[in-house]
Each structure stands twice: as structure tokens, then as C-alpha cells.
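K.L.:
Sharing the features that TrEMBL gives for it:
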| type | residues | note |
| --- | --- | --- |
| DOMAIN | 4-104 | domain 'CoA-binding' |
| BINDING | THR17, GLY18, SER19, GLU20, LYS43, ILE100, THR101, GLU102 | CoA binding site |
| BINDING | TYR165 | substrate binding site |
| ACT_SITE | HIS251 | active site, tele-phosphohistidine intermediate |
| BINDING | TYR418, LEU420, SER421, SER427, THR453, ARG564, PHE574, GLN575, GLN633, GLY637, THR662 | FAD binding site |
| BINDING | SER427, THR429, ARG475, ARG529, ASP536, ARG539, GLU660, ARG672 | acetyl-CoA binding site |
Amino acid sequence: MAIFLTKDSKVLVQGMTGSEGTKHTRRMLAAGTNIVGGVNPRKAGQVVDFDGTQVPVFGSVAEGMKATGADVTVIFVPPKFAKDAVIEAIDAEIGLAVVITEGIPVHDTATFWAHACSKGNKTRIIGPNCPGLITPGQSNAGIIPADITKPGRIGLVSKSGTLTYQMMYELRDIGFSTCVGIGGDPIIGTTHIDALAAFEADPDTDVIVMIGEIGGDAEERAAEYIKKHVTKPVVGYIAGFTAPEGKTMGHAGAIVSGSSGTAAAKKEALEAVGVKVGKTPSEAAKLVRSLFMSDFDLYRPTEEHEALREAIRSVAEDKIAPHAADVDEQSRFPQEAYEALRASDFHAPHVAEEYGGVGADALATCIVIEEIARVCASSSLIPAVNKLGSMPLILSGSDEVKQRYLPELASGEAMFSYGLSEREAGSDTASMRTRAVRDGDDWILNGQKSWITNAGISKYYTVMAVTDPDGPRGRNISAFVVHIDDPGFSFGEPERKLGIKGSPTRELIFDNVRIPGDRLVGKVGEGLRTALRTLDHTRVTIGAQAVGIAQGALDYALGYVKERKQFGKAIADFQGIQFMLADMAMKLEAARQMVYVAAAKSERDDADLSFYGAAAKCFASDVAMEITTDAVQLLGGYGYTRDYPVERMMRDAKITQIYEGTNQIQRVVMARQLLKK
């Protein structure tokens, strides 16, 4: 099934012989629409050839209906003739009239709408000034491109033609039951409420997307209807979030006055009844996607995720891999990687569009980190630590704090690091000694943080400090943003590490550092809660890093064993080698799927994320250590030398078992979650 338009619909086109009518009739036919005739009194009796399809022209809608059984008409006539064309369709009592024509005078629209009411509303009118509607794979009545989506289970109703197309394209991998562009003129036939009612009754629609505009109260009335009558999940977007008060916008030239008709007011009304509302079309699409995403879906990543993998792999292989060995040898920050990632918007892909980012979901961010780690683990810490450092702001920061810092991160002007661990407070983070004492509106920060990744490179640091020494343990810690140039803030000497040598690891030292009160992240006393929630999300990215390192080692080992010859043949031909490779690949794929499942849970912020995040990080890092060690073994003596990358990969893999919580702590986290049940 679908709503309003199906494969069995028989369609007339009023104005078919005009330029617009001819163009779109040809396109609708190509989409599979059953067009049974055109309507033009002056050309009645003619037959028009559309690439081999013969379409008769009738003198009136009534005549066309009688001859063909048509139940839909699409109207392309010029504005000055539109009123009469619609009234003709109403008088013929055709079931559906789709009025594409734009620029129809409001009083003409009012006239034919009143006429429809006087006739008992036997004709459903969609429009005017609309793109029409499409039931993908079945029928297309209007100007919506048929090739931008596929059949699926999303129902879409929209005031905006452009946003209709964007939403269809962004969710093309999931697909739509029916997409209805109702138009945004002051008077329209079919409303949001009409479409909501139809989608609610449609067994082929699982999720409804509603796109509105600023001005008027149509969206508020739709919210009331949803509250009382709609049980299916609804996702909304309101065009005009950036419109200032008094600004004329939208199809109808809607004027926003005070709080009435604003995007914020409409968003509030919709969210009050359970509608998820995106601040951008892409954010709304992401919300829709989260409703369809299940663990089973993760075994088939979307087309967008696979395209993303190709894009980041190209950047990694061309711009990052050539410098990986030198970065490790010189223990230097991978500046080449940072510039390449900035240029391609992969340096902080998780930042939402509203802050200037690309708005990658949690799985997409993991794919980015995985593919970079495949060639250079140190470089993969650029997006990984940018997410780690900024996640407290995303989870708990005020709008003001987010607006101040996230755009700089998104543009690549700044990097973020995360200050939680201390020398004597590693796994036991609640025992930290760093203190922040209130001084008027400011805070004075003293203490140190240890093992801080990208310290000295990042511009900003999210730092946890005790703000109430006598308060309850764990509820006496707050989070702050520290700037690299804050007086009294300095760094210790770089740690001399086994691996990830391109990522500087240093102490943060605070000596009476004055932090303005507006740099507080979240509420006073909620810093540790924010820190632990952050780790729930970012441990998944360490799992992704581990998967990438392991994949790089396996890929190199596979190439080597095919070329290395002993006893007169490639060592890949020996069964013992084949068994090693099979075990490596099997464990790697199990780790990857665990990470991807956890990434989906991170995106949805599922209640069991703590378990899955810890499990993904723990399992994937253990697998990475095992696979890289086996890769060294497969290369024999060569694998133990720095002339080959697998020894670096083995050294890099070790840290994934340690940072963001050792694997022993991950098992503690998992056990606690199990025992809660």
C-alpha cells in the first residue's frame, strides 16, 4: 500500500501539451506512472507520442475520466488558468488533483478551495505550488525526481520542494513509502494533518517525516494532532531556524513576530508531544536513520558509510601512509596527516552541522578512525582525541559553550584534548587531586593531569577537577575548558613511549590557573558523570583504532606471504600459514562487528552502551595485539625490523589495551553492568 497514489492510479495531465506539461509527462512516464491521457480543450482528439507511448488528449477532465477511468489529475496550466482547471477537476469529482502550478493568486486558490468544500470535498487537492507526490517504484505525480530514492518504509510530508528532495536523497538507502509535497502557499489543499492521518493508517509506513516552515500555526496544530492520534514515530524539521524576528521567509512570505511562528516555537511544540526535531535537514535524516538502525542492520553498512570508507582510505593511503614510518622514527606530530584531514574534513568528523561540522554519526566516525589507523595509528588519534576532548561539551555543555568551541574544532583551527587521569588516579579517577577553588565568578585551578594525548598540540583541554573536597566522592568533581595560553598552564616533558610515537603524551600542569566561570562544562559536581559518559562513547573509537591497526597488519602480512618463497613455493601455500591467516581474519571481523554494534548504540545513546563500549574496546584491542604479533611472526626476522611496518603496528596496538581504561577495568565495567540486571 501507500497513501494517495499507487501503481493502480490512472493519471490525467491537465496542460500536458504545454512545455512544462510535456517535459514532466515524459519524466513521469519514465518513472512508471500510468498516464492515461492529457486534457486540453483546444487539442482534444489528438494523440501525443512520448518515446513510443501514445497518450490521447481529451477535451475535459470528465471526458478523460469517462474514457479511461482516471482517478488522478496533475495540473501544469499557467497561473491565470489554474483556478478554472482545478474547478473543472472538482466538478468531475476526480479523486485527487495535484496542483503543481506556482504563482496562483491567493483569491483564486480560496475560490477553488471553497468550491471543493461546497462539493463535499470529494476531490483531494494537493498544492498549489508544490512538487506533487511520489510512491517510489509505483507512481509519480508531479515534478519530484524518481531516481533519488527507492521504495521503503518512511512517509514524508513537506512544505518545501527543495527539502523534500534533500530528505529523499539523504535517506535513499532506507527508502520511502510515499513522499508528499503539500506546498507552502497561504491556502493549501492537503495539510500536514491529512498526510499524518494517512501515514498512520498505512501499513507500509513505519516512520513519518514532517517538514514545516516558519510562520503560521500549521505545525503547532499538527503537533496537537500527533499527540492525540499518531502512534508511529515522527521526525520533524522546521525550515527557517536562522530567521530573525520580522524576517519574511518561506513560500507564503511568513512573517515571524515575537515567539509566534518561529522555528524554535514550532520545535518546542513538536518535541513536547514526542516528535524528534532536527536543527538541520541532515540532523533530521540522522534521527530518522537512528529509528531504523538495529544491530542486524549493522551487518550491512549503508551506501554512505561505504562511500565514506573509500574516501578516507584514499586520503589515508595517499597523504598519511607515506609519512607514517618517519613520524614513528622521529617521534614527531604527523603534521602532514593533520593538514590532509583538515582539507578533507576528517579531522573532527563527529561535530554536528549546526556548529560547522560534517555531522558524521558514531559509526562513520569509527570508520574514519579505523581507516587512518590502518596506515598510521598516531594519525588516527587526531579525530579520536578531538572527539574525546569535545565529547563532554557535546554531552553536557551549554549552548553558549558549544557555540564558542565546537566551530573552531570543526574548522580545524583548534584541537581538543581530555584531562582526566593523574599519576595516582588512573583507573580510580574519583581519587583525583587536581582542585578548582571558586574565586568570585572564576575558578582557580591547581594540580596536574598525566598521560594526556596530543598535549601541547591541542588548543583546548577539557579538564576534570575536584570542586568540593568535602563533598560526596564522585559527585564533587566538575569539568572546565582550559586554553593553551592560560597563564599558569604548562606541560611536562613528552613521555618516551613504546608506540604511537607521533602523538605527544605529556603532563598538564596547573599553577593557579584562573578559569572564567563561563568555561564550566555542565553543572558543578557533575564532571565525573560527564567524564564517564564520555568514555562510554569514546571507548568505541579506541576499538575502531584497534581494528584499523589489526587490518593494516593483516593486509601487509597477506601481501608478504604471497610473495615470500621457501622450499620452492610461496609460503601462503603452506596449510599452517593459511590457518594462521584464517584465524587472524576471523577474529578481526568479529572485533569489527562488535565495534560497529557498539557504535550504533553510541549513536542512539542506548542504555546498555557502557557494556558494549567496554566490550568493543576490550575485545578489539586484545585481537589487535594478537593479530599484529602474528603478523610479525609471519614475516619472521623481517617482521622484527623497522624496515617493515608490522613491528610498528605491534608496538602501536599495545596502547589500545591500556588507554581510556585498561582492559582489566573494561572487564570490571562489563561485570558491573551484568550484575545490575
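Placed from the backbone N, Cα and C atoms, the Cβ positions cover glycine too.
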K.L.:
Where does LYS43 (CoA binding site) sit in DSSP terms: helix, strand, or coil?
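P.N.:
DSSP assigns LYS43 (CoA binding site) to helix.
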K.L.:
Restricting the comparison to the binding-site residues GLY18, ILE100, TYR165, SER421, which residue's C-alpha is spatially nearest the C-alpha of SER427 (acetyl-CoA binding site)?
P.N.:
SER421
K.L.:
How far apart, in angstrom, are the most distant Cα atoms among the FAD-binding residues TYR418, LEU420, SER421, SER427, THR453, ARG564, PHE574, GLN575, GLN633, GLY637, THR662?
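P.N.:
Overall maximum Cα spacing for these binding residues reaches 49 Å.
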K.L.:
Helix, strand, coil residue numbers for the domain 'CoA-binding' (4-104) per DSSP?
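P.N.:
So the domain 'CoA-binding' (4-104) is made up of 36 helix, 27 strand, 38 coil.
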K.L.:
In whole Å, how far is THR429 (acetyl-CoA binding site) from THR17 (CoA binding site) when you measure between their Cα atoms?
P.N.:
75
K.L.:
Looking at the binding-site residues THR101, THR662, which sits with the largest number of other Cβ atoms within 10 Å of its Cβ?
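P.N.:
The residue with the most neighbouring Cβ atoms within 10 Å is THR101.
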K.L.:
Work out how many Å separate TYR165 (substrate binding site) and ILE100 (CoA binding site) at their Cα atoms, rounded off.
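P.N.:
About 15 Å separate the Cα atoms of these two residues.
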K.L.:
Restricting to the record's CoA-binding residues (THR17, GLY18, SER19, GLU20, LYS43, ILE100, THR101, GLU102), give me the longest CA-CA distance in Å as a whole number.
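P.N.:
Overall maximum Cα spacing for these binding residues reaches 24 Å.
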K.L.:
Report the nearest neighbour of GLU102 (CoA binding site) in space among the binding-site residues TYR418, SER421, THR662, comparing Cα positions.
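P.N.:
For GLU102 (CoA binding site), the closest Cα among TYR418, SER421, THR662 is found at TYR418.
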K.L.:
Taking the Cβ of GLY18 (CoA binding site) as reference, which residues of that chain separated by at least 6 in sequence fall under 8 Å from it?
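P.N.:
Correct list: PHE76, VAL77, PRO78.
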